[in-house]
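Working notes, structure below.
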Amino acid sequence: MSGPSDYQPSNPALQWIERRLPILGLMHSSFVAYPTPRNLNYWWTFGAILSFMLGMQILTGVILAMHYTPHADLAFKSVELIVRDVNYGWLLRNMHACGASMFFFAVYVHMLRGLYYGSYKEPREVLWILGVIIYLLMMATGFMGYVLPWGQMSFWGATVITNLFSAIPYFGESIVTLLWGGYSVGNPTLNRFFSLHYLLPFLIAGVVVLHVWALHVAGQNNPEGVEPKSEKDTVPFTPHATIKDMFGVACFLLLYAWFIFYMPNYLGDADNYIPANPGVTPPHIVPEWYYLPFYAILRSIPNKLAGVIGMFSAIIILCFLPWLDAAKTRSSKYRPLAKQFFWIFVAVCILLGYLGAQPPEGIYVIAGRVLTVCYFAYFLIVLPLLSRIETPRPVPNSISEAILAKGGKAVASVAIALVAAGALFLGSLQDARANEGSDKPPGNKWSFAGPFGKFDRGALQRGLKVYKEVCASCHGLSYIAFRNLAEAGGPSYSVAQVAAFASDYKIKDGPNDAGDMFERPGRPADYFPSPFPNEQAARAANGGAAPPDLSLITKARSYGRGFPWFIFDFFTQYQEQGPDYVSAVLQGFEEKVPEGVTIPEGSYYNKYFPGHAIKMPKPLSDGQVTYDDGSPATVAQYSKDVTTFLMWTAEPHMEARKRLGFQVFVFLIIFAGLMYFTKKKVWADSH
């Protein structure tokens, strides 16, 4: 990609290959001898991070696809079975799901770095446009991937976003029908999205090759925005840039691992742990955080077609940036006004993301319209105007001259600002997903909380007893097999105890030789049976409300923590919104409805349930279940024990996740330290 190479391998076999297919020379000229500006800072490391993350997403995605079932009736269950029954399936899913967010985080940093340092200017226009194409492909891939788990937010997100194409005149309805494969989102839609989600990453990889090719033709930009003029301005890509990139990737992996092992659901949505239900619309349909700024632009424009045009224009306009900004000076380091407006633009994007997570009503709509105007004004008014009126500061004559005055404090402060802004952004997302119209649940001290938390075996066994004697008459545990009770990290029953426990249940099986269905005693390999044969029977027995399956209830329920707790949650690894909520609801029943509160007939008042009206009668009362270990037979103890058990049913491999996370963190810290000191040694003679 860097041009002809005179590299010749010393090995005779490799020489034979090189004469016929000079692939080794191409690799040497592109990734070893390639001259790299010596003043590149760590913002340039995100290119290597993105390459690593793309490879990681493709690898984990291919393995997950081996076990995934793209069928509307089986997709949700297949994902859960991957997590529970495939060896390290929980790790693969966490890597892939959290990896999508990390991929977008890295690409946003990469794009903002290009904006700040003018990496879109001549001669890098094609390089920049290819980057925008990659970003568009990433957005399409991420959206289709989010649909695949077939949870509530997946289904309704697909419905809302695909419906946008109906705004296109003449062809819109036909496009929507083609995407759906029918007249509503369903199984054909899921199959289409799975196929495209599998294909697009390889297309992204192909465009990345073109992107890297264009980079090697035009050369890398640098913080000063001046082209290398002599050998003193550059260093060989390997080992200098390679080692620096490896250190940067190692540091990024620490953040990545933080989410994988300790905060896997921090960036997700509780509603997506509920199977897709076309008959129940979520209170807030909110896309993933990396789409929120554009979602805010879409919703801020009242006309549907204009909103769609505005949303796509907000991305496409990036392709025209090389011609909108005609300033001769590339880097904003030497453009005081451009630097100020750049940070204003970053603030506008963050605020748009905040608004995208809020309900489309009142002041949020007005603010969205103002910020949408600001977003487009930056590209269409500010940049063209600045290129004509701004007087830049003197630019260094060469890269080597600029290195003498280099400092790192600004980079550190910008990094801190980005982390703080990102925390605020993610916190706004949690606020939007709060349970409205109810008191916030009180916190609890859970044994499984924190990086070294473990399940209390006694609480798990007591919780199972409460479930069996109280909850099992209405609620199933369809994702838990009896054998799971004997697995490490669970209630710690012996194989014999599990067999005896399973035999108490009657399992419908068959057909037998006569073609009839029959009942038999349960076996360890069987799953907990549902108390009802189907959903219609469940509704008929419960006044029209279908009791939810409890396997995932502590993940499928949550509440917004609000400011500033969501910031602290990231650092304290607080992930117990679900258990706190479930425990609070079990204890939140009150016989007397407060004055001024009206609930429908046949409902019960619960101060923690959204809207306070719940169809489920009070399930627990003091003395209802007898414990053999002397634990108090109170509602508070029952609720805490059964919630602990339900947290285990939601994630049986939690202890393994945290244990492996500690080992990975130790390795990454040591690896990052080795890379840092190696980098110091390699670069010692280059400054």
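Note: Cβ is positioned from N, Cα and C throughout, glycine not excepted.
Sequence annotations record features per position, and here Swiss-Prot assigns transmembrane segment to 46-66 (among others) based on sequence analysis. Within the chain carrying the transmembrane segment (46-66), a Cβ under 8 angstroms from the stretch's Cβ atoms is held by residues 82, 92-93, 95-96, 99-100, 102-103, 106-107, 109-110, 113, 145, 194, 197-198, 201-202, 204-205, 208, 245-246, 248-249, 252, all 6 or more beyond its ends.
Marked as heme b b562 binding site by Swiss-Prot: His96, His197. DSSP gives His197 (heme b b562 binding site) a helix state.
Residues annotated as heme b b566 binding site in Swiss-Prot: His110, His211. For the recorded site, His211 (heme b b566 binding site), the DSSP three-state label reads helix. Within the same chain, residues at least six positions away from His211 (heme b b566 binding site) with a Cβ under 8 Å of its Cβ are Leu127, Leu130, Gly131, Ile134.
Annotation source Swiss-Prot lists transmembrane segment at 126-146 (among others). Counting residues 6+ beyond its ends, the transmembrane segment (126-146) has Cβ neighbours under 8 Å at 61, 100, 103-104, 107, 110-111, 114, 119-120, 153-154, 157, 161, 193-194, 196-197, 200-201, 203-204, 207-208, 210-211, 214-215, 218, 287-288, 290-291, 315-316, 318-319, 321-322 in the same chain.
Per Swiss-Prot, the feature transmembrane segment maps to 160-180 (among others); the stated evidence is sequence analysis.
With a cut-off of 8 Å between Cβ atoms, the residues of this chain six or more beyond the transmembrane segment (199-219) that come close are 1-2, 30, 34, 51, 54, 57-58, 61, 123-124, 126-127, 130-131, 133-134, 137-138, 140-141, 144, 227-228. For 199-219 (among others), the entry in Swiss-Prot reads transmembrane segment, with the evidence type sequence analysis.
Sequence annotations record features per position, and here Swiss-Prot assigns transmembrane segment to 247-267 (among others).
Per Swiss-Prot, the feature transmembrane segment maps to 305-325 (among others).
Residues or ranges marked as transmembrane segment by Swiss-Prot on the basis of sequence analysis: 337-357 (among others).
Listed by sequence, the residues of this chain that lie at least six past the ends of the transmembrane segment (363-383) yet keep a Cβ under 8 A from its Cβ atoms are 293, 296-297, 299-301, 310, 313-314, 317, 320-321, 324-325, 338, 341, 344-345, 348-349, 351-352, 355. Swiss-Prot lists 363-383 (among others) with the feature transmembrane segment.
Sequence annotations record features per position, and here Swiss-Prot assigns region 'Internal signal sequence' to 404-434.
Among the features that Swiss-Prot reports, transmembrane segment is placed at 410-430 (among others), with the record citing sequence analysis.
Annotation source Swiss-Prot lists domain 'Cytochrome c' at 458-643. Within the model, the domain 'Cytochrome c' (458-643) shows a mean pLDDT value of 93, rounded to a whole number.
In the three-state DSSP assignment, the secondary structure recorded for His475 (heme c binding site) is coil. What Swiss-Prot lists as heme c binding site is Cys471, Cys474, His475, Met616.
Feature annotation from Swiss-Prot assigns transmembrane segment to 666-678 (among others); the stated evidence is sequence analysis.
When Cβ distances are compared across the two stretches, the transmembrane segment (160-180) makes contact with the transmembrane segment (305-325), since 3 or more pairs at least 6 residues apart fall below 8 angstroms. Across the annotated binding residues for heme c (Cys471, Cys474, His475, Met616), the two most widely spaced Cα atoms sit 11 Å apart. Counting in whole angstrom, His197 (heme b b562 binding site) lies 38 from Cys474 (heme c binding site) by their C-alpha atoms. Of the binding-site residues Cys471, Cys474, Met616, Cys471 has the largest number of other Cβ atoms within 10 Å of its own Cβ.
Here the Cα atom of Cys471 (heme c binding site) is found 34 Å from that of His96 (heme b b562 binding site). Between the CA atoms of His475 (heme c binding site) and His110 (heme b b566 binding site) there is a gap of 48 Å, rounded to the nearest whole number.
Long-range neighbours of His110 (heme b b566 binding site) (same chain, six or more residues apart, CB within less than 8 Å of its CB): Phe46, Gly47, Leu50, Gly131.
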